[in-house]
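Reviewing the structure listed below.
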Amino acid sequence: MTKLSVNINKFATLRNARGGNLPDILKVAADCETFGADGITVHPRPDERHIRYRDVRELKPLVTTEFNIEGYPSKEFLDLVLEVKPEQCTLVPDPPGVLTSNTGWDTIQHQSFLKEVIGTLKAAGIRVSIFLNPEVDKVEGAKTAGADRIELYTGPYAEEYHNALTQPQNLALFNDYKNTAVKATEIGLDINAGHDLNLDNLRYFKLHIPQLKEVSIGHALVCDAIYFGLENTIQMYKRLLVD
Ligand SMILES: CC(=O)[C@@H](O)[C@H](O)COP(=O)(O)O
Ligand SMILES: NCC(=O)COP(=O)(O)O
C-alpha cells in the first residue's frame, strides 16, 4: 500500500479569495484524515498565496497522521520547519515567484547547500525528502547530501501520460522513472512522488514503481472533490494505491 498525503494548498487558495475563513483549512485537514488520508502536505510559498506560515503553525498540533511541509529552504522556511517539526520536510528548488514546482534538484551543483540544510533538519529529527527529476545521475547526490527519500517529480510523466492515453506502456519517459527508482532503492533511499498525479495516471505509476512509499496529491484531488465530494474522492485515490 502506498500512502496518500493530501496537499491542502488549493483549499487555502479558495479561502484566501474572500479574505475570511471559508473553507476552514484546519477542519479540511482533519476531515481529510477522517476520510482516509495518510498524511497532510502543505507547500507554503514566500507570497503566502495559499498556505500561510500561520496555517502551518496551527496545523501542526491538529494533524494526527504524517505532516509533510514542502518548499524551498530559505531561512524563513527553515526557521518555520524547525519550529513546527513535521514528520517530513520535502525540499523543492523553487524560485520565489514560480507558478508551481517545475523541476527537481541538481544534487551535484547544489551538493554542499543541500548537505548543510539536510544536516540541520535531520539533527532536529525531521525526515527529509528531496524533489528530483527522473534522472539517475542525480540520485547518488541525494544520498550523499543525507536525504532519506526522494520525491519523483511527476509533472512530465503526467503530461506524457495525458498525450499518450491509449498506450501508456509506450511512454518514452517511463524508463527514466523506473531506473531512477531502482537506483534509489539500491542505495537505500525511499521513494515518494508527486505533481499532477490524478485519477487517470496514478494507478499506472503505482503499478510500475512498486517501491513507491507515498504520493502527495493536491490540485487534481481538489478539482475531483468538486464533482465527487471530498470523502469519495479520497477513497477513490486510495483505491488506486493498493498493492
Ligand atoms: C512540490 C510539488 O510538486 C507540489 O508541492 C506543488 O508544487 C504544489 O504547489 P502549488 O500548490 O503551489 O502548485
Ligand atoms: N508534492 C506534490 C504535491 O504536494 C501536490 O502536487 P499537485 O497534486 O498539486 O500537483
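The backbone N, Cα and C atoms fix where each Cβ goes, and this holds for glycine too.
According to TrEMBL, the 3-amino-2-oxopropyl phosphate binding site annotation covers Asn7, Arg18, Asp196, Gly218, His219. Using a 10 Å radius centred on the Cβ of Gly218 (3-amino-2-oxopropyl phosphate binding site) and all shown protein chains, the other Cβ atoms total 24.
Around His43 (active site, proton acceptor), the same-chain residues at least 6 positions away in sequence with a Cβ under 8 Å from its Cβ are Asn7, Asn9, His50, Ile51, Ile69, Glu70, Gly71, Val92, Ser101. Annotation comment: TrEMBL describes His43 (among others) as active site, proton acceptor.
In the three-state DSSP scheme, Thr100 (1-deoxy-D-xylulose 5-phosphate binding site) falls into the coil class. Taking the Cβ of Thr100 (1-deoxy-D-xylulose 5-phosphate binding site) as reference, residues of its chain lying under 8 Å away and at least six apart in sequence are, in sequence order, His195, His219. What TrEMBL records for Arg45, His50, Thr100 is 1-deoxy-D-xylulose 5-phosphate binding site.
Residues or ranges marked as active site, proton acceptor in TrEMBL: Glu70 (among others).
Per TrEMBL, the feature site 'Transition state stabilizer' maps to Glu151. DSSP gives Glu151 (site 'Transition state stabilizer') a strand state.
When Cβ atoms from all protein chains are considered, those within 10 Å of His195 (active site, proton donor) total 24, not counting its own. Classification of His195 (active site, proton donor) by DSSP places it in coil, neither helical nor stranded. Marked as active site, proton donor by TrEMBL: His195.
The recorded positions near ligand 2, defined by a Cβ under 6 Å from one of its atoms, are His195, His219, chosen from Arg18, Arg45, His50, Thr100, His195, His219.
The number of other CB atoms found within 10 A of the CB of Asp196 (3-amino-2-oxopropyl phosphate binding site), across every protein chain shown, is 20. Proximity to ligand 1 at the level of Cβ atoms, with a cut-off under 6 angstroms, picks out Glu70 from the recorded positions Arg18, Glu70, Glu151, Asp196. Taking the C-alpha positions, the distance from Glu151 (site 'Transition state stabilizer') to Arg18 (3-amino-2-oxopropyl phosphate binding site) comes to 33 Å.
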